[in-house]
Structure formats: C-alpha cells, structure tokens
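Student: Before we start, here is the structure in question, set down as structure tokens.
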Amino acid sequence: MGKRKKFRVSRDEEEEEEVVQEEGENHSSSYERSLYEEAKEKFQQLQKVISILGDEEKRAIYDQTGCVDDADLAGDVVANLKNFFRAMYKKVTEADIEEFEANYRGSDSEKKDLIDLYKDFKGNMNKLFCSMLCSDPKLDSHRFKDMLDEAIAAGELKGTKVYRKWAKKVSQMKPPTSPLRRKGNRSIKQSESDLFASISQRRSERKDRFDSMFSSLVSKYGGNADAEPTEEEFEAARRKVESRKASNKSKRK
C-alpha cells in the first residue's frame, strides 16, 4: 500500500483563518451591542413618556400645548417610539381574542381568577362578573357555582350571605346545555348594533320611569302640570318656606 499524503496548512493560512474568525466574532458582538443600545434608548424614552402621563401637572401642560419640557422627547421621537414597539409586538386581532377565550374558559387559570375575585368581592357575584375575564352570567353562572361550592366544601373559601342568596337563585334556573361553547362568533358590527340597541332600550326605560314618577307626583299633589299656581298658593308656599328657615335658625341657636 502506498503512503498517504499529509496536507499541511501553512502558517500564513492559519493566521488568515484566525483573523477572519475574530472579525466575525467582533462583528456579531458589535451588532448585538447596537441592538441592546437601541432597545435601552427606547425603554428610557418610554419611561419619560410614562413619567409625563403619570404627573397631573405635566400632563395638563401637554394636553394644552402639545409640548413637553424634555428635549429627548421632542420631534419625531414619540412617533418613532410607537413604531418601534408596534414592530416588536404584533397587533391583537379578533381571532387572537377568540383563541385566548377558547383556551381560558375551563382552564386552571380561570378557576384561580374566579376564587381570587370571590375573595376580593366577598361572594358578590354581580361585581365578580364585571371583573371576570371572558365571563357571561347566562352561560357561566351554573359552572361558576359548581366550582365555588366545591371550594367552599373543601374549606378553601368561606360561604357568604350574598353568595348563598345568589346560588339559591341560580339553582332554580335551567343550566345551559354547552356552557363552554359560545353560540357562534358574532361580527364586530353585530356586537356594536346590540350595544346600541341595549343603550336605547335602557334610555327608554329610564324615560318611562321618570314619566311615571312625575305623573305620580302630579296625581299626589294635585293640579295640572302645565298650570301656574294661584297667588294664594304662591303666598302659602312662601310663608311655609320662611317658617321652615326660622325654625332651622332657632334649632342652631
């Protein structure tokens, strides 16, 4: 068998490889440092923005003049800061919200939040539903009741009078067939339409209650709502007010 040839690398070639490798490492570390410095600068600018918004006096000046007493936040800095964080964090879409809701409902995180809010509101479920993520009283009342009853039985929670009253009312209601499944995803326009309809209905109900109360007062004290009081009625009312004022003054003495 013939002898295998050994290929030797010259000293110059070895030094050249070391130089190339060192330059690559320097370039990489330099690039990382530049990214770090940029992020650090943006974060410091964000802290200044927060300090202005959190100070009533500085914020009032900004609201009136549109200017801030800080050269670091002048010009396009705020706009660039907004673009920087928009590039870092993607925009939340309706699909993202639906995905979060599907994963959250029925999870351990939901149960923990439910127990924590129960403690915060001392069993007031009306307040709890106002703060509970992705909750719907029509869908979740029976489900939440089962979880809370289990926690109370295990000694994790203390039953309260307001909770027992709510739980009794829920027990008398028919539970939903699929509480963890929404009845279909509605569009944003449909949700807005439902909101406007609800506001309009409540406004109408308030007007009806006011009209009813006003009619009751007219019926109780007599007279026509559009009729002006007679001179005798006006004089009697004046004397009554003056008598009441004199009585109050004598009591203070």
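Cβ coordinates come from backbone N, Cα and C, glycine included.
Per TrEMBL, compositional bias 'Acidic residues' is recorded for 12-23. According to TrEMBL, the compositional bias 'Basic and acidic residues' annotation covers 202-211, 235-245. According to TrEMBL, the domain 'DNAJC9 HTH' annotation covers 104-172. Under the heading region 'Disordered', TrEMBL lists 1-32, 172-253.
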Student: Any idea what the model's mean pLDDT is for the domain 'DNAJC9 HTH' (104-172)?
Tutor: 95
Student: For the compositional bias 'Basic and acidic residues' (235-245), how many residues does DSSP put in helix, in strand and in coil?
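Tutor: The breakdown for the compositional bias 'Basic and acidic residues' (235-245) reads 11 helix, 0 strand, 0 coil.
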